[in-house]
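Asks: My questions will all concern the structure given below.
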C-alpha cells in the first residue's frame, strides 16, 4: 500500500494536479477570509469555510477524476492486478495520497485563525472544530470522487458525473423545499429510486436475478409500510434529501457545536464509497 | 514450477478457455502458440491474477494463485502485449514503484533496479519520460519491470510471461533470451 501511496504522491506533485487543487482552495478561502474577516471585520473564521465549501463542487471531481479512470484507460490496472498487492491496498494507497494533497492547503489555511486572533476576538475552538469538520467533509467528497472515477475509463465523464453529483448534494436542502412532501409523492419517488437501484445493481453485477430480487424486496417493503403506517411517508422525501446533504451537516459546526454524529456520518460515507470502489475494481477482474 | 489444472473461462455464455491443464517446469523456456482468438491472452491473464477463472486452479511455485495470491504473485513478472507503463514517469521511477510493490526495499531495491536496467540496456534513457521513448525502449522497460525481483533468482523459481507481438523489434528479444525465462509468442 505504501508503494501505491508514494507512487501516487509523486505523480500528483510532478504534475499540475496537486498545485491546481491547492491553489483554488487557497484562493477561494483567502477570498472569503478577505470578505468576512478583513473587509467586514467579522471574527468568525468558520463563515469563511462555509463560504468556501462550494469550491469542492469543482475541485474534488477534478482532483479525483484520474484516480481509477486513468489506470483503466492506460491498461496499467493490469499491472496492479498482477502485483502482490490487494485491491483494497490499491484503493487505500490512492485515497490516502488524495487526502495528503488535500491536507497541504488545509494546513496553510489552519494558520489563518491564529493570525486573526492577533487582531481580534476569535473563538478558536469553533474555528478549529470547523476546520476538522471541513477536512472530514472534504475527505468524504473525495471518497465519493474515487468511486465515481472507478465507474468509467473516461476521466472527463468521471469529472462531469462528479460535478453533477456534488452540485446536487450542495443544493439538496434547497431543492428539498420544492419536492413533493405528500405521502403519494414520496412513494412514487421511492419507487423510481428502487427501480434505478435495480438497474444499477444489474449493471454492476450482471446478475439479473439479484437485481430483480433486491428491487422486489424494496418495493414490497414500501408497499407494506404504506399499508401499515401511511404517515411514515409524509414529508419523507424532503427529509431524505436533507439527510443526504453532506454540506448541510457542516453548518452545525459553524454554529459552534462539535457534532459527533456528523463526524460518524462522514466516516460512514468514506467507508461506504471506498468499499464500493474496491468492488468496482474487483469487478473488472471478474468480467 | 507452474501448474494449471482444469482452467475454464466463460465470458457470459461464450466459452473462451475449456478445461485447460498443463505443467511448466523450472529452468525452461516455453512458447504458447495458437491462432487468433484461441484464448492465449485469456489464459495468461488468468495465470497472472488479472482475470478470475470460472473454474480451475493455478499454482505458481507451490502457491495457489487464488488462495495465496500475495505469495504466488511475488514469483511472477508479467509483460502483456501492451506494456502497462505510466507514461508520465521515467523508467527509474516506474521500476522503483514496481519494485516497492513487489516488496523490495532499501539497498536491495536499488541493486535490483540497477541490475534490470543493465540487463535490458535502458541505462541511457532511464531518466527520460516514458512517453518520450521509442516503442522498442518502451518494450524494454516493460521487460525490466517483469524481471524485477527475479534477476537474482536464476537458480530458483523464475516465471516470466511475455507476450511478444510480431511488431516487436527482434533485436529487443535478445536481452530476454539471455536469461532463463519463459516467453510466449503470438500468432499461429
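Heads up, the Cβ atoms here are built off N, Cα and C, so glycines get one too.
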Asks: Need the matching range: TrEMBL marks transmembrane segment on one of A:229-252, A:253-276, and I'd like to know which.
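Replies: Matching range for transmembrane segment: A:253-276.
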Asks: Below 8 Å between Cβ atoms, which of the listed ranges A:12-35, A:47-69, A:155-172, A:178-197 makes the most pairs with the transmembrane segment (A:253-276)?
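Replies: Out of the listed stretches, A:47-69 contacts the transmembrane segment (A:253-276) most.
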Asks: Please determine whether the transmembrane segment (A:47-69) and the transmembrane segment (A:155-172) are in contact (criterion: at least three Cβ-Cβ distances under 8 Å, sequence separation 6 or more).
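Replies: When sequence-distant Cβ pairs are counted, the transmembrane segment (A:155-172) touches the transmembrane segment (A:47-69), since at least 3 lie under 8 Å.
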Asks: Using DSSP, what's the helix, strand and coil tally for the domain 'ABC-2 type transporter transmembrane' (A:41-167)?
Replies: 100 helix, 0 strand, 27 coil
